[in-house]
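Following: one structure in structure tokens, then a few remarks.
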């Protein structure tokens, strides 16, 4: 009886290697760290300016003009306020022994900090 030649154990030499998969949550944590290190603004500029102009038109019938520096300062302050509110809401979720941030956490944060609803 003739001997049968065995196939090499690493048969994928000419095929493409399988793409490595990360554990669930690894990519999310990497993205969080990347965003925490960055200093750029995350809210797009044009929609933010549109909302600011819409609110100022509702509050005052006079034509209000904004300098670009004032709009950027306002956007930085708004993003800082949102980040602080989400951090406090996350602490409320942790206190409730949850990982997911829910609407009731943000509402509790707003009640405790005294940030009133704008509507």
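Cβ coordinates are placed from backbone N, Cα and C, and glycine is handled just like the others.
Feature annotations, reproduced from TrEMBL:
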{"type": "COMPBIAS", "residues": "1-10", "note": "compositional bias 'Basic residues'"}
{"type": "REGION", "residues": "1-26", "note": "region 'Disordered'"}
{"type": "DOMAIN", "residues": "24-112", "note": "domain 'Core Histone H2A/H2B/H3'"}
Restricting to the domain 'Core Histone H2A/H2B/H3' (24-112), what is the model's mean pLDDT?
93
Summarise the domain 'Core Histone H2A/H2B/H3' (24-112) by DSSP state, stating how many residues are helix, strand and coil.
65 helix, 0 strand, 24 coil
